[in-house]
Amino acid sequence: MRLLPVVVTVLLTVGFAYYVYIPLPDEIQEPWKLMMLDAGFRTLTRLISLKNDLGLDPYIKSITPYTERFEAMMGRLLSSDSGGGVIPGVKVSEITFAGIPVLVYEPPAGGEGHLRRGLMYFHGGGWAFGSAKMWSYDTMTRKLSDELNAVVVSVEYRLYPEVHFPVPYLDCLAAAKHFLSKEVLAKYAIDPERVAVSGDSAGGNLAAAVAQAISTDDTMSVKFSVQALIYPVLQALDFNTPSYLQNQEVPILYRNFMVRLWLQYLGVDLSLMPQFLANNHSSLQQSAITSELRARLDWTSLLPPKRKKSYKPVIVEKGLQGLVKEVPSLLDVRAAPLLAGAEVLAKCPRTYIITCEYDVLRDDGLMYAQRLQDAGVTVTNDHYDDGFHGFLIMWPVVFDVGERGIRGYLNWLQNNL
C-alpha cells in the first residue's frame, strides 16, 4: 500500500508531461515555457468548447473573460519579478476619440515648450479578443510613452461577435482621423511630423489598412510619418503559403485557428473552414480574383528562396463557385492590405515590420515588406529566427526573444519617429 501514492504520483507526472509536451523547432529557446503556456490555452479552449457544445454560452463570449483573467494572473506573477507595468509619471486617461473608447498615455516629461511624439496603437487578438487595458498591452504602451516621450493612444475598437468587418476597421480609422486633427495634436503638444501608427497581429492588419487610407486621403493635412507592424495578418486568399504549412502546428497561433478568426471577422459560415484550408475559396474559377490580384500575393516571386524552401503553391482550378461574390470582403484592401495596388503602397509612410520564423503569418509580413519596397517605400524588416507568434507583446518578460523584440521595436521608433 505504501507504493500506491508513489505509483499515482509517477503516473500523474507522466500524464501531465505527456499532455504538456509538443514537438517544437530546435531554434525556439526556452521551449518548456512555450509548452506550458500553450497547454494552459489548450485546456482553457477545450473546457470552453465543451461549455459551448452543451449550449451554455457562445464560444467567443465564454473564452474572452477567462483569457483576460489568465493574462491578468500571469501579469501579476510576472510583475512581482519585473516591477510591473506601472511607470511613475505616465498619466493614463480613458476618453473617446470620435465616439471610440481610447486610452491616452501621456509621458512624465510633459509637453511644456517642447513638441512630443505621437503614436496610435491597435491591439491584437484576431478581431475577437484583447483590450488596451490588458496587462501586456498596458505595460507596453506605458513603456512606449515613457521611453519615446510620446503621447500614445491605444484604441478599444469593437470586436466579434458583436460586430464583423468593416466595423473594427472603421472604428480605428475614425479614431485615427480624430487623433491627427490639428486641434487634438495641439492639445497634447504633439509634433505633426512625428506621428506613428502601430499594431500587432490583427492590430497590425488594422494599422496597415488605416495607414493606407490616411496616406491616400487628400483631405487629411496631417498623415502618419511611420507605420510599425508587428507580425501582421494581411491576406485571406492563400492559407497554404510556406509559413502557413511549416508552422501549422506551432503555438500559439495554429493554422486552423487563424482561418477560423478570418471567417469570423468576415462573417463567413464556419462550416466552410475545410474549403478555405484547401484554398478552394480562391480557385481559378473565381473570376473576380484577377491575375493582377494574384500577383500581389504570389509568394513564389515575393519570398526569398530561404523562406520558400521546397514548398509548392496550392492553386485550385475549381472550387467554391461564386464565393468571392458572396464574400466581397475577401478582396477588400481594408481587410486585406496586401492586395492594395502599387499606387497606394507608394504613398505609405516609412515602415517597420517584425516577422518571426515560426509564425503562420510570417510570409504575410515578408510579402508586404517586399511589395512596399518595390513601390519605393523605405522598409526595415526585423526577422527573428527564434520567434513565434505573440512572442513580443504577450509575454516579453518570460521569453528572452520577447525582450529583444521589444528593444528592437523601441530602438527603431526612437531613431525613425
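Yeah, the Cβs are placed from backbone N, Cα and C, and that goes for glycine too.
These features come from TrEMBL:
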{"type": "ACT_SITE", "residues": "Ser201", "note": "active site"}
{"type": "ACT_SITE", "residues": "Asp359", "note": "active site"}
{"type": "ACT_SITE", "residues": "His389", "note": "active site"}
{"type": "DOMAIN", "residues": "119-272", "note": "domain 'Alpha/beta hydrolase fold-3'"}
{"type": "DOMAIN", "residues": "330-392", "note": "domain 'Alpha/beta hydrolase fold-3'"}
With every protein chain in view, how many other Cβ atoms are within 10 Å of the Cβ of His389 (active site)?
25
Residues in the domain 'Alpha/beta hydrolase fold-3' (330-392) grouped by DSSP into helix, strand and remaining coil:
22 helix, 19 strand, 22 coil
Taken over the domain 'Alpha/beta hydrolase fold-3' (330-392), the model's mean pLDDT:
97
Would you mind listing, in sequence order, the residues at least six apart from Ser201 (active site) in the same chain with a Cβ closer than 8 Å to its Cβ?
Gly124, Gly125, Gly126, Ile230, Tyr231, Pro232, Val233, Leu253, Leu361, His389, Gly390, Ile393
Looking at Cβ-Cβ distances, which residues of the chain lie under 8 angstroms from Asp359 (active site) while being 6 or more apart from it?
Tyr231, Ser243, Asn247, Val250, Leu253, Gly387, Phe388, His389
